[in-house]
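If you look up TrEMBL, you'll see K76, S151 marked as active site, charge relay system. The feature active site, acyl-ester intermediate is assigned by TrEMBL to S175. What TrEMBL records for 22-463 is domain 'Amidase'.
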Amino acid sequence: MHQLTLAEIARGLADKKFSSEELTKTLLARIAQLDPQLNSFITLTEDLAVEQAKAADARRANGETGALLGAPIGHKDLFCTLGVRTSCGSRMLDNFKAPYDATVVSKLAAAGAVSLGKTNMDEFAMGSANESSYYGPVKNPWNLDHVPGGSSGGSAAAVAARLLPAATGTDTGGSIRQPAALTNLTGLKPTYGRVSRWGMIAYASSLDQGGPLARTAEDCAILLQGMAGFDPQDSTSIDEPVPDYSANLNGSLQGLRIGVPKEFFSEGLDPRIAELIHTSIKELEKLGAVIKPISLPNMQHAIPAYYVIAPAEASSNLSRFDGVRFGHRCEDPKDLTDLYKRSRAEGFGPEVQRRILVGAYALSAGYYDAYYLQAQKIRRLIKNDFMTAFNEVDIILGPTTPNPAWKIGAKNSDPVSAYLEDVYTITANLAGLPGLSMPAGFVEGLPVGVQLLAPYFQEGRLLNVAHQYQLNTDWHTRSPAGF
Ligand code: GLN
């Protein structure tokens with residue numbers, strides 16, 4: 001049963017082949033047996049899950065239908081869940097039980113999805129390897145010595161290991177697409193504003209966006225359908241109608257114009273990945289797509305701009321964790337300053353502290369113009385590059401990451417080398433565009449992803465292209481040995 005996709009689960013439940021309760025209990029047993037190897041969950045909510053599954057079965061018995069009704073999922077542990085610990089992978093929030101549900105959580109629950117628990121993640125979503133979690137690193141099911149990517153690494157590892165058919169993630173600079181690539185999944189970062197951020201603990205508010213991680217594009221369509229939509233509680237949510245993503249997966253790719261930016265194949269890209277990306281391009285050409293070489297001339301400035309803007313916003317967002325209102329408080333503070341200082345020093349791990357320092361520095365008087373304002377100008381140039389490109393092409397294609405998953409610990413002493421792994425993903429966040437990563441093959445037994453980017457609100461186009469590709473390739477069907 002654990003091999004079933006969301007689409008197959010929906011059919012199985014509708015045909016009464018099994019109940020949501022049976023499926024939920026099977027997956028919970030599988031998690032208990034296998035997750036000790038992976039560490040993909042921070043909190044399991046077994047009782048709640050069985051309760052939700054029974055409720056979903058009762059709704060089906062009453063004639064209700066729906067692709068998510070009774071479907072087991074997991075939530076990245078930065079989506080607030082009423083009465084359940086929501087840690088954000090941090091000691092700071094180890095004792096925090098959310099007093100309300102994030103919009104994503106309540107929408108999916110209303111659609112009948114069954115949440116099995118909260119998945120591990122990089123602390124405050126800062127990272128590309130899931131090594132900065134207070135709860136320990138997550139292992140990649142394809143090779144337990146390697147990272148699963150981050151920051152949604154727990155969601156990715158759990159889905160890749162068939163502990164869950166799908167899970168939520170968030171993507172600030174690549175944290176859905178990059179772990180999807182490194183674990184052989186399909187992951188979609190929606191247009192900024194497509195999915196509500198209400199109740200999603202903020203890292204960098206102008207970049208953060210929630211989205212689905214699953215094995216297939218078809219399943220991403222199902223999960224995104226349950227997540228997307230206008231939310232008056234989130235002032236950056238956009239009031240645009242949500243199309244029926246599942247109904248639009250079968251459009252023909254005849255004449256689809258795919259732009260391939262030369263900057264995506266620069267020095268630094270593993271040549272074995274470049275070869276797999278070219279193979280996937282050929283596959284899409286066979287389906288009728290037309291390839292056009294393009295350029296995104298300001299792409300080389302994306303990493304420096306992102307690593308000013310994201311820490312700047314983080315330093316502001318994380319100022320709320322002061323030992324008074326939320327989370328960790330130090331023992332016996334001498335005075336208020338001591339309370340702030342020690343609570344924050346004890347509650348935040350080294351990567352989070354580094355980002356707060358960088359961000360506060362970039363925003364300080366005298367440096368604001370030199371760093372923050374400059375970075376914002378680059379952001380605009382990058383957006384303009386995309387707008388120019390999308391005048392000529394329907395989709396942009398390239399690698400998701402320059403390298404396959406690295407060994408746990410390999411980049412610990414050099415944070416910049418980890419930041420460089422985001423080179424192909426962060427441009428979409430800076431511009432607010434939707435992006436998808438899907439399986440494209442393997443290098444030394446480790447998965448590789450191909451990335452597709454589309455104009456604003458064209459998530460349906462990404463899913464359509466990915467689904468057609470997956471009907472003609474089988475990379476996405478491979479599962480890791482031992483899982
Ligand atoms: N790796 C990037 C960072 O550390 C992106 C993380 C994310 O998308 N949440 O900021």
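Every residue gets a Cβ built from N, Cα and C, even glycine.
TrEMBL: automatically predicted annotations, no manual curation.
Since this is a predicted model, take the numbers as computed values, not measurements.
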Using Cβ-Cβ distances, find the residues under 8 Å from K76 (active site, charge relay system) that belong to the same chain and are at least 6 apart in sequence, listing them in sequence order. K118, T119, M121, S152, G154, S155, A167, T168, G169, T170
Cα of S151 (active site, charge relay system) to Cα of S175 (active site, acyl-ester intermediate), in Å and rounded, measures 5
Give the number of CB atoms, excluding that of S175 (active site, acyl-ester intermediate) itself, located within 10 Å of its CB. 36
Taking 10 A as the limit, how many CB atoms besides its own sit near the CB of S151 (active site, charge relay system)? 35
PLDDT averaged over the residues of the domain 'Amidase' (22-463): 97
